[in-house]
Amino acid sequence: MSERKVLQKYYPPDFDPSKIARSRVPKNAGPKVMTVRLMAPFSMKCMSCGEYIYKGRKFNSRKETTDEKYLNIPIYRFYIRCTRCSAEITFKTDPKGMDYTCERGAKRNFEVWRKADGEDDDHKLETDEERLDRLEAEEAERGAMEVLEGKVVDAKREMEIADALDEIRTRNARIQRAEGKGEVDKALEQAERARAELELEKRRVEAEDEEAARRAFGRGIEIDEGVEGGVGGGNGYGWGWG
């Protein structure tokens with residue numbers, strides 16, 4: 001079994017260190033191509049079969065370090081294969097635009113506002129002026145949306161106020177109708193009371209008339225009886241018939 005930690009090394013008698021060539025190894029020395037696991041950084045369409053690859057799809061890809069650099073930042077190239085036809089698709093990192101650039105095998109589906117008018121896919125990045133214009137337009141659109149939302153809220157509030165007013169008017173009308181009905185009932189009650197009083201007065205008058213008539217008729221009967229008695233016993237002057 002060999003020794004793990006070598007503390008002493010054997011140098012032959014004819015060893016000449018000057019004959020050993022010294023080579024400079026770069027700091028970032030390593031494999032130029034390596035296998036990595038990544039996700040699709042953008043949605044794309046395969047140019048061979050038309051398959052759509054959505055953003056975030058995982059792939060086993062090959063990562064290649066290119067000779068290109070941007071501000072001493074290395075640019076990497078990735079090789080993936082289509083999930084349907086296995087066609088090779090390559091894309092690179094873009095440190096300048098903080099994005100990725102699709103090279104071949106697929107077509108990137110990017111937003112329209114990111115591509116300036118009259119430019120092709122290789123020059124789709126915005127300039128500072130275009131970005132400022134776009135931000136101003138978005139701010140103006142946001143302000144217009146806020147104004148529209150405010151108008152919608154005001155219209156809704158006005159509708160609620162109108163509904164509340166209609167409800168108040170309906171309730172007042174119902175109360176007025178109820179009060180009017182109460183007044184009518186009160187008037188009918190007063191009329192009924194007056195009619196009852198008139199009926200009682202009429203009955204009292206009729207009773208008095210009947211009593212007076214009875215008294216008058218009673219006196220007449222007594223007079224008639226007295227007259228008949230006088231005729232039978234005499235003529236009232238002391239004369240007799242027999």
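Quick reminder: no glycine exception, Cβ is built from N, Cα and C everywhere.
According to TrEMBL:
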BINDING   CYS46, CYS49, CYS82, CYS85  Zn(2+) binding site
COILED    145-215  coiled coil
Neighbourhood of CYS82 (Zn(2+) binding site) by C-beta distance under 8 A, where only residues 6 or more apart in the same chain count: CYS46, SER48, CYS49, GLU51, ILE53, ILE89, GLY105, ALA106
Cβ within 8 Å of the mean position of the Cβ atoms of CYS46, CYS49, CYS82, CYS85: remaining residues of the chain near Zn(2+): MET47, SER48, GLY50, GLU51, THR83, ARG84, SER86, ALA87
Distant-in-sequence Cβ neighbours of CYS85 (Zn(2+) binding site), under 8 Å, six or more positions away: CYS46, SER48, CYS49, GLU51
Cβ packing number for CYS49 (Zn(2+) binding site), 10 Å threshold: 12
